[in-house]
Amino acid sequence: MAATAPAPMPSAGSPRLYHLAGTLLRYAPVAVLFIVWDLLGRTGLISRQMLPDLADIFSAFTTMLLSGDLLYNSARSISRAATGLGLAVVIGIGAGLLMASFRPVRLIVNPIVQLFYPMPKSALIPVVMIWLGLGDSSKILLIFLGCLLPVVVGTYNGAKGVNPFLLWSAASLGASRAQVMREVVLPAAMPDILNGCRTALAFSFILMVSSEFVIATDGVGYMISSLGDGGLYPAMFAAIFFVAAIGFAADRLYAALVRRLLRWREA
Amino acid sequence: MTMSHVGPATKGAAPAPAPRRHIAPRTVDTLVQVSVIVALAAFWEFGARFGALNPFLLPPLSTVLVRLWTDLLSGVVLVDLGLTLYRALSGFLIAALIGIPLGIVMSRSKAVRWFFDPLISVGFPMPKIAFLPIFILWFDIYDTSKIIMVAFSCFFPIVAATYAGTTALDKWPIWSARSFGAREHEILWEVHLPMALPQILTGLQVALPVGMITTVVTEMLMGGRGIGGAMITAGRFADSVGVFAGIVEVIILGFVVVKSLEYLRARLLIWHPETRR
């Protein structure tokens, strides 16, 4: 095992070092996994074809990183995912709030949501392919459609679940409808909205990668599948781990954002 | 018999023309919502038929339904639906059979928790579908790799929800069970699991749609029939009627599967306050 510093010793160093050692120790099982990987390859139990050498993967990774391939394709993918997700968040929150405040809107939108919510959204890939071809817009539309419903449902549930006493007291203090919406409903529904957006974030990554597997000429999904088709497995593993890391980082960033936005909630 | 509770069954039989001014708001809601669906279908049908929508981009609903009907009679639809359902559900069940026990063991054993907690917190937010080429490399392109891919993507929500559900338990019921002389395994089955059940079911409800999405994508990429395979073939041949027939199938499948799990939840949690609403 690597030198992980004597972690449990109190006052062994600055608290920052202590914290770092704790984090390292916490993620040690991930390292264990990679050691097992290495051993399986080294002993020849599993062929190198199936489980490439970690050093090869790393060198393939640096090559792709330096040539700019990885960053270019990631930027293409992320720009599509971000556009689709951004549109879904804005329109979804709006639609959810409208549904919660106006009964006619609710009656009209609800059956559509009920019908399409359980549908596996990846089935729309051939549809957007027919509608918009193979370019960016088809993938953006797919991601938008896939992310929309979780946001709508989260917002609607949040806005519907607002304690009516809060609404009544705001109204009795003379707040207008718009003010009640902005100052009471939106903050009170925020936890549910953010939950819906988190689901949407996960969906956006799934749909981004899978649509690029099926139809694309660039982007990380395309990169992974073309590397795999070409038999360049170390590079393929490197690209996959990179995508996984982006997904992980996006989720962590989002969690940090949520903590900031919900600071006012119980300590 | 007064007509106090107007249920869905009381519409026929033409009762006396007594107080008709008051229809239960629920009935109105249902009527409006059904008519929205009907209006949508009519818009689809006539919009495509009268040229408001390009019939290639959106073929008329009736054409799609006719295609669905012929495919149903020839058995193609049933084979595709069956294959997709089989792959999605086997992956989902494998994930549940591994994920739920692992989540429980994690909440009870420190060593297991130490090992799996970071792996799951790293794996949970990753886009699992990106690992598909690895599974193709390892397990070939047939059902095995599809089912393993589905199980892999369903596993993380299930184990995370089970772990969260069995960890943050109220101490009092456990203490009182203990004071009544319950053994550890009895406490597990009679106290821990029922208390964690709502969260476990929520985990399953998160995992199932993800599993369906994954199934459809694996079928699109690897072929081997199934709805995803049929749809992508139709798409590649610019057979838009086939694509939309697939969409109708997928909507029905998703609806049935998700609603069944909701029904199961209501049955299993019949004792729980959440059901009594």
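Cβ coordinates are placed from backbone N, Cα and C, and glycine is handled just like the others.
Note that TrEMBL annotation is computational and uncurated.
Features of the protein shown, as given by TrEMBL:
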- B:81-262: domain 'ABC transmembrane type-1' (DOMAIN)
- B:1-20: region 'Disordered' (REGION)
- B:31-52: transmembrane segment (TRANSMEM)
- B:89-107: transmembrane segment (TRANSMEM)
- B:119-141: transmembrane segment (TRANSMEM)
- B:147-166: transmembrane segment (TRANSMEM)
- B:187-217: transmembrane segment (TRANSMEM)
- B:237-258: transmembrane segment (TRANSMEM)
(message) So, taking each listed stretch (B:31-52, B:89-107, B:119-141, B:147-166, B:237-258) in turn and counting its Cβ pairs to the transmembrane segment (B:187-217) that are under 8 angstroms, which one gives the highest count?
(response) B:147-166
(message) Using a threshold of three or more Cβ pairs below 8 Å, and leaving out pairs closer than 6 in sequence, do the transmembrane segment (B:147-166) and the transmembrane segment (B:119-141) count as in contact?
(response) yes
(message) Under 8 Å for C-beta pairs, could you tell me which stretch among B:31-52, B:147-166, B:237-258 has the largest tally with the transmembrane segment (B:89-107)?
(response) B:147-166
(message) I need to check the long-range neighbours of the transmembrane segment (B:31-52): which residues 6 or more away from its ends have a CB within less than 8 Å of a CB in the stretch?
(response) 58-62
